[in-house]
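Structure record follows, encoded as structure tokens.
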Amino acid sequence: MSDKENQTLNNPQTQDYASTGGKPDVEHGEIPVSKVYTTGDQDEYLMIGHQKVLRSELWTAFGGDLQPGVHAPPPQRLANPAPLGLCGFALTTFVLSMANARAMGVTIPNAAVGAACFYGGLVQLLAALSSYGGFWMSWAAIQIDWFGIKKAYDDPIMLANAVGFFLLGWTIFTFMLVLCTVKSTVAFFSLFFFLDITFLLLTIGEFTRKTDVSRAGGVFGVITSFIAWYNAFAGLATKENSYVVAIPLPLPGAKRS
């Protein structure tokens with residue numbers, strides 16, 4: 001760096017843009033920043049116009065985000081928990097529904113118990129999707145022998161009817177939510193619509209003891225899980241982090257943002 005440049009940088013009359021309302025100070029010969037370069041013995045300084053700053057200080061200023069410096073941090077620092085809850089619901093529904101559909105000969109649904117307790121249950125509770133988080137925890141309790149729920153029924157038909165009542169209650173509750181989403185988006189409405197069909201088929205399967213009906217419920221459950229994943233993706237993917245983003249399709253009568 002030349003002596004003339006050093007004198008300019010050390011001139012106490014040099015002002016930054018903040019003191020001049022974001023405009024060049026013509027009186028002192030200040031010009032807009034057109035070049036950024038490094039200086040110092042180990043290139044530890046950055047020259048930004050007439051300002052000399054440590055590179056480490058600049059990195060620290062952008063050190064709070066997952067991809068620092070890509071975009072300005074949002075004013076609201078709290079994350080949206082809905083995609084997390086939807087992912088927990090989707091994965092647990094997928095695992096259980098594959099067993100209900102008798103995929104690859106699997107007929108015992110106990111592989112879904114762990115996910116129902118923690119991912120579909122606990123995580124959904126923490127993500128404020130408490131109703132379906134409670135559903136997964138209560139379903140897991142039925143499957144776990146420690147709770148003694150299945151052991152309380154000596155008659156398998158009575159047990160099937162009791163589970164049918166349990167599923168029927170969730171069918172009614174989900175139908176209520178279907179009615180509350182008719183002015184939302186196609187994806188969000190489809191999630192609850194297919195979920196309600198899933199509950200209905202599983203309820204009928206328990207009451208009638210017809211395996212084919214329960215398998216149909218499993219197929220609809222798999223479809224429901226993928227719709228839930230899509231809704232989660234729609235909440236996660238933005239133009240800042242993905243080249244692929246979901247395009248919301250509002251239903252007739254829905255308010256457009």
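The backbone N, Cα and C atoms fix where each Cβ goes, and this holds for glycine too.
Pulled from TrEMBL, these are the features on record:
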- 1-31: region 'Disordered' (REGION)
- 7-18: compositional bias 'Polar residues' (COMPBIAS)
- 111-137: transmembrane segment (TRANSMEM)
- 157-179: transmembrane segment (TRANSMEM)
- 186-204: transmembrane segment (TRANSMEM)
- 216-233: transmembrane segment (TRANSMEM)
Intrachain neighbours beyond the transmembrane segment (157-179), with Cβ under 8 angstroms and 6 or more residues off its ends: 131, 135, 138, 142, 150, 189, 192-193, 195-196, 199-200, 202-203, 206-207, 209
Is the transmembrane segment (216-233) packed against any residues at least 6 beyond its ends, judged by a Cβ distance under 8 Å, and which are they? 82-84, 86-87, 89-91, 93-94, 96-103, 187-188, 190-191, 194-195, 197-202, 204-205, 246
